[in-house]
Amino acid sequence: MTGALDLLLTASLWAAVLRIATPLIFGTLGALLCERAGVLNLGIEGIMTFGAMIGWLAVYQGADLWTGLLAAGLAGALFGLLHAWLTVPLGLSQHVSGLGITLFASSLSYYLYRLLVVVGESPPTIQPFRPLPIPGLSTIPFLGEVLFDQAAPTYLALATVAVLSYVLARTPLGLAIRMTGENPHAVEAQGLNPIRLRTGAVVAGSALMGVGGAFLTTVAFNSFFPYMVQGRGWICIALVVFSSWRPGKALLGALLFALFDAYQLRLQNAVPGVPYQLFLMAPYLLSILALVLVSRRARVPEALMAPYRRGER
Amino acid sequence: MRLERRPYVPLAYAIVSPLAAVLAALLLAGALIAAAGVSPLAAYGEMLKGALGSRLAVTEMLARATPLILTGLAAAVAFRARLWNIGAEGQLYLGALVTAWAGHGFVSTLPPLLGIPLLMLLGMAAGALLLLGPTALRLGFGVDEVVTTLLLNFVAVLFVGLMVEGPLKDPMAFGWPASVPVASDLRLPDLIPRSRLHIGLLVAVGAALLVWLANARTVWGAESLAAGLSPRAAAFAGVSLPRTLLGTATLSGGLAGLAGAIEVLGSTGYVTTTLSPGFGYAGIVVAMLAGLHPAGVVAAAVFLATIFVGADAMSRATEVPSFIADVIMSLSLLSMIVALLLATHRLVR
């Protein structure tokens with residue numbers, strides 16, 4: 001058992017935590033931004049899948065790694081636009097539209113992938129992002145390896161937490177977005193357009209989801225394969241609730257979750273004889289447990305899932 | 001310009017909207033087929049031939065429609081009460097697992113007339129239990145059942161993996177991770193000789209009739225509709241929301257569990273982690289295309305089964321990947337919700 005505890009003190013574990021957390025950070029921030037404006041985006045699982053596919057595909061076709069991330073963000077924004085159009089001006093069920101987007105985006109990813117890669121062929125690989133040590137800081141013992149020797153998109157994720165947190169809490173735009181999620185009629189009374197604000201938030205949030213998906217193929221793995229997202233999108237939706245719709249707490253939630261995930265991966269090796277499926281089940285069960293613990297006192301945005309129609313109450 | 005709800009929806013609109021939605025989906029997917037360098041008309045021709053072109057093809061298609069009818073009913077029953085059961089996939093797997101376990105074990109010595117219904121009931125109970133958990137969490141703690149049922153799908157498949165590689169592993173399967181088989185006496189008889197179509201289809205259609213009756217003629221049917229339309233108004237009218245939702249969850253989860261039981265009893269005889277190619281998720285689309293109506297569910301399940309079986313045949317004959325079936329399915333769902341909006345609303349200036 002000492003082995004299991006010693007694992008917790010290794011720098012490689014904590015470096016892995018940050019790496020595993022990165023796609024969850026992007027996804028959770030994206031979902032959080034949508035929900036803060038009043039739109040639940042269950043398209044996340046499919047948008048992450050498409051982001052993973054298109055990020056890999058762009059790089060595989062010779063594009064730069066950053067272009068791959070950008071392509072994933074743009075593709076995410078397009079799916080976001082579709083979800084926003086269906087749910088905001090048309091006011092359709094956010095649940096059904098989101099699930100439809102997930103089914104559409106993931107099946108389209110697999111279809112396009114299969115057009116290029118025949119069944120049975122091993123997935124074509126790309127050269128993923130390498131760790132980018134920050135000069136000076138990366139040589140600090142322990143902390144350097146954990147924090148300052150990550151791939152560039154991980155730094156980008158952390159920066160996005162700070163930016164989103166600032167924008168939502170401290171800028172007029174952030175106030176307008178939050179108000180749209182609480183009371184769109186009040187936004188209208190201020191002379192702002194709730195339809196545009198919601199659409200913008202869903203498009204931007206979905207772009208973040210796409211980037212999160214692309215992290216899987218351009219950093220964590222070096223290829224795309226069907227079903228690789230494995231419910232990470234749904235876990236992000238749970239993390240948004242866990243975070244009480246706050247970017248800072250979303251980061252904390254993603255890190256906690258990733259710590260658990262990184263630890264169970266290592267425990268699988270350290271504790272033989274336990275079926276590996278039990279370890280793999282744990283993250284999903286943990287998410288459910290987290291929801292049970294926070295849901296009762298969760299401060300849900302007041303107008304979440306309520307379609308806004310001008311002049312209707 | 002804005003949308004205004006029509007005071008009443010003509011029946012013709014309700015029937016035309018899914019047809020228009022499907023047509024739109026086929027047109028859009030046609031563009032993707034053309035992108036693969038294949039003529040969409042030729043591809044759809046292969047699809048029809050593959051699903052309906054021979055006696056064997058039709059029986060294959062109906063065998064595929066059987067679980068889709070049941071998962072479609074599971075979604076329709078739940079969505080009608082606005083209980084978002086997205087977990088039919090997991091409920092199906094748990095129902096299948098319990099069926100294989102009991103059908104190899106303590107039920108295996110019973111006569112078929114007793115054993116088969118008992119196994120179906122056990123499968124239903126397993127599926128129902130898996131949905132009652134999230135429903136209770138929603139009622140007790142306000143936990144959104146969309147996320148919990150989705151996450152439990154992954155847990156259920158992993159649990160099946162654990163069992164078929166562990167306690168329920170078939171020692172005769174040469175290392176292939178499959179469960180022990182149900183006793184051969186307990187397998188469902190064929191509906192049509194020398195085909196894979198079994199009497200599970202009749203059970204599924206019978207279930208659709210029963211759900212129709214329950215919706216239209218029972219107190220629970222009225223209460224669950226009321227709970228779906230407006231929980232507050234329903235509660236004000238004296239409908240117990242917990243009782244109604246728990247009842248709905250039992251039926252919905254039970255139908256998904258029954259789908260799993262019937263797949264094992266009728267189709268495979270054992271469980272693997274690849275038993276279902278997404279029957280649970282497809283059930284959501286079936287229910288939406290059907291406008292949540294049981295008769296529509298049967299029709300929509302037959303349509304999707306045609307697409308899926310047809311796409312397999314098409315991808316063998318042409319260069320088009322069979323994932324096109326999933327694309328058509330998802331596009332049908334998205335265009336269906338727009339078509340429904342146009343059917344129930346009108347544009348006013």
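Glycine is no exception: its Cβ is also placed from the backbone N, Cα and C atoms.
Note that the coordinates shown come from a computational prediction; the quantities given were computed from them, not determined experimentally.
Counting same-chain residues at least six beyond the ends of the transmembrane segment (B:12-41), those with a Cβ under 8 angstroms from any Cβ of the stretch are 289-291, 296, 300, 303, 318-321, 324, 327-329, 331-332, 334-336, 338-340, 342-344. Annotation comment: TrEMBL describes B:12-41 (among others) as transmembrane segment.
Outside the transmembrane segment (B:61-79) by six or more residues, the chain places 51-52, 85, 88-89, 91-92, 127, 131, 195-198, 200-201, 204-205, 207-208, 211, 215, 224, 228, 248-249, 251-256, 258-260, 262-263, 266-267, 276, 279-280, 282-284, 286-288, 290, 292-294, 297-298, 300-302, 304-306, 308-310 with a CB less than 8 A from a CB of the stretch. Annotation source TrEMBL lists transmembrane segment at B:61-79 (among others).
The transmembrane segment feature in TrEMBL is assigned to B:91-107 (among others). Among residues of the same chain six or more beyond the transmembrane segment (B:91-107), those with a C-beta under 8 A of the stretch's C-beta atoms are 67, 71, 74, 85, 115, 118-120, 122-131, 156-157, 159-160, 163, 168, 179-183, 186, 253, 256-261, 263-265, 270-271, 275-276, 279-280.
What TrEMBL lists as transmembrane segment is B:113-134 (among others).
What TrEMBL records for B:146-164 (among others) is transmembrane segment.
TrEMBL lists B:197-214 (among others) with the feature transmembrane segment. Residues 59-60, 62-63, 65-67, 69-70, 73, 76-77, 120, 187-191, 220-221, 251, 255, 258-259, 262-263, 265-267, 293-295, 297-298 of the same chain lie 6+ residues outside the transmembrane segment (B:197-214) yet bring a C-beta within less than 8 angstroms of a C-beta in it.
Sequence annotations record features per position, and here TrEMBL assigns transmembrane segment to B:279-311 (among others). Here the transmembrane segment (B:279-311) has long-range neighbours at 14, 17-18, 21-22, 46-52, 57, 60-62, 64-65, 67-76, 79-80, 86-92, 153, 204-205, 208-209, 211-212, 215, 256, 259, 263, 320, 322, 324-325, 328-330, 332-333, 336-337, 340, meaning same-chain residues at least 6 beyond its ends whose C-beta is under 8 angstroms from one of its own.
The transmembrane segment annotation in TrEMBL covers B:323-343 (among others). Remote same-chain partners of the transmembrane segment (B:323-343), defined as residues 6 or more beyond its termini with a Cβ less than 8 Å from a stretch Cβ, comprise 3, 9, 13-14, 16-18, 20-22, 24-26, 28-29, 32-33, 43, 278, 282, 284-285, 288-289, 291, 304, 307-308, 310-312, 314-315.
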